[in-house]
Amino acid sequence: MSITGIGLVLIFISNILMIAVQSVRLGVSPLDAIQTDFGITWVMRMSITVILLGIWFWLDRSKSLSKKNQIPMLGALLALIATSSLIGHGAASGQTPALILDYIHNLVSGIWIGGIIYFVFVLLPTFSQLKEVQREKMSLLMIPRFSIAFIIAVGVVIITGPTLMWFLENDIGLITESIYGQLIILKISIAAGIIAFGGFFQLKLQKNAEKNLQSGKISVHKKLKKSLKVDVVLGIILLGVVALITNGTLPAGEIQKVDAQEIVYGFKTLEFTENTKFDIDISPFSSGSNTILVKVSDFEGNPLNDSDQLKIKISNPSKNISPIEVPMEIIKQEENRPTEFQGELTFGFSGEWLVEIEAQRTENANESKLLNLLVKPRLTDIQTQVIEYEMPEESKPLFPLYDGRDSLWISDASDNGRLWEFSLVTQEFTSYSFDGSTTTFLTQDKDGNVWFVDTPRNQIGFIDPQTKEITTKTLPKFDPVVSDNTPLFIKADFDGNIWVTIVNKDRIVKYIPETDEFEEIILHGKDNLPFALALDTDGKIWFTTTGAGNIGYIDPKDNQITQFSNDPPLQGPEALLFDDDGNLWIAEHTGLAITKFNPVLETFERITVPNDEALPFGMTFDRYGNVWFAQHTIDNIGVYDPDNNDLIEVPVPSETSFVQFMTSDGDENVWFVEQQASKIGTVKMTEILVIPSQVQSSGEFELKYTELASPLIALGIIATSLFYVKSIQDKRRLNDLINS
């Protein structure tokens, strides 16, 4: 039990070092670091370690050490290994298979290295107490027995290691050029050395001992003990490399790009105070470590005579991170030229960061400037995984709505009078039927009720999420009454009123549930074809006219209409989405573009989609502020970064998916509906930290990861299988020789 106690004490110390390193990395106090996701897992890990120390203390003083008494320790150890996986790259990828592979890899590796340590420091010293002949025979017998366990462990590691790497990064060029990849190669080399010693034990040491067994002059114990100590040293070095890998940065990943784009990293700006000019350059301007270069001068470019110090502080008020000073040093100071300062600052995560730059002056007041910086990954630095969920029954899902709690509500355009609820917790579907035909567009009112439109039945309705009761309301006939209404889009305002577009009658209807009354807002002109609705922060109802190619809003106070048109007109504007800055995003369905409208400046900015066959439709935002838009005629979802003017496509796995509308949940994960595939899907996103090797990568190395990894995995499986069979045969043969 002493070996176990030493190991647990080392784990306890390593836990302290882990939180210390994380605090330094983020530039925050340990208390602030504990409040992060990493910190929560660290608290779990430390708690389990303390529990293990308590169990060990109890077992060490127990009179009998039965298998039953050791079960609690085994369970706690398995949980401890799980915490290692939860803070590893497998968990960071956001992919469940990667997390599972990481756990299995850690578990089996622990059995392998731990088994060697047990062999050297527990089993062989026990054999030393036996008589010489018995000691040598027992040592010989243990070689094939332990080899069987080690070979199985090596086989599992050979499978899980490369497969896990495939989930994390499959660009060989980035792997080989990054520090992370070089550490992986070093790790493999050390592991190969340990395996080579295992082969030496079987092919050399064991073979010679078998030859000398008949004469009784075998010498195994001493040689085995000496050789295995080298294995232990290699194992400890291997664990150190693994620690560096776990706390290192992954190579940059790529998601499928529409066209090859040259990504330029960095942030540059010129800022002025009353008497000073700051020329600021931050690179690569992403999460993680960044270099900041600031040139300080007067307006003519001359250095400030009374200033040779620059103070920079970084903070994130939204995450309660107080200002942290960034050490700066002068790297260039010449006459008649700006003074240049350089330092290293760390953005712990994507988001809005405040950077305060202050020139320290001795004869005048200090000059300072405050920058509000949005730090976010480039689209090529986001790793994605598309996960699909098949509807339990044949249906035509159309429009998703997140209810703000734990469910997605999905309309069904099939003729079944049905509405679906998808639990984000259990990932199960539940259907709710009503006396109607279809459900198309959805909205949620201030009371949490989910409203829908039943176009064929000329009715709207809502479901109470608590009671699951559905109430419907038939729309009145509007002029001209000779034709049926075609109600389409629906939107609730802040007062609980329900707005509905009547696409074929150039009007938008306002339903007031409290008084059970309808108000008509008639659009001027003909063939306007009002389509989509959106609500701004002031409560105004915005709409599109897909026929006229305009947008506009209705003031709910007096139902007055204001419209805006572009030159040329918008082509098929059929979806609307407001961003956090108040800009209105418009999907030009037949115009092959998404367009940003600034309501203050009344300007339109058009972004053309790359695929001529795509029809942009429903939109949503991810956690980084990127615009995701459906393209229902192709099996790709578009992604546009408005801050860096980058656009890419992410493929949908199912063919003829027909994705029309999208939404985001409370964690800002993107969800979409595949109408023809009868599925819904989500996109899991993981930010990959930028490293210098990624920025400078030439991309000339074209060898695919699978082309390299697959043969090596197959070769490893074959080799371990052969050695496993050999170990079984050796075990049986040695048993027969010693017992004869």
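Cβ coordinates are placed from backbone N, Cα and C, and glycine is handled just like the others.
What TrEMBL records for this protein:
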- 143-244: domain 'Copper resistance protein D' (DOMAIN)
- 7-28: transmembrane segment (TRANSMEM)
- 40-59: transmembrane segment (TRANSMEM)
- 71-91: transmembrane segment (TRANSMEM)
- 103-125: transmembrane segment (TRANSMEM)
- 146-167: transmembrane segment (TRANSMEM)
- 179-201: transmembrane segment (TRANSMEM)
- 232-250: transmembrane segment (TRANSMEM)
- 708-725: transmembrane segment (TRANSMEM)
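Proximity of the transmembrane segment (146-167) to the transmembrane segment (708-725) is established through 3 or more Cβ-Cβ distances under 8 Å for residue pairs spaced 6 or more apart. Taken as a whole, the domain 'Copper resistance protein D' (143-244) shows an average pLDDT of 80 in this prediction. The list of residues near the transmembrane segment (708-725) in space but at least 6 beyond its ends in sequence, with Cβ under 8 angstroms from a Cβ of it, reads 147-148, 151-152, 154-155, 158-159, 162-163, 165-166, 172, 199, 202.
Remote same-chain partners of the transmembrane segment (40-59), defined as residues 6 or more beyond its termini with a Cβ less than 8 Å from a stretch Cβ, comprise 1, 4-5, 8-9, 11-12, 15, 18-19, 22, 34, 65, 69-70, 72-73, 76-77, 79-80, 83-84, 86-87.
In the domain 'Copper resistance protein D' (143-244), the DSSP tally of helix, strand and coil residues is 90 helix, 1 strand, 11 coil.
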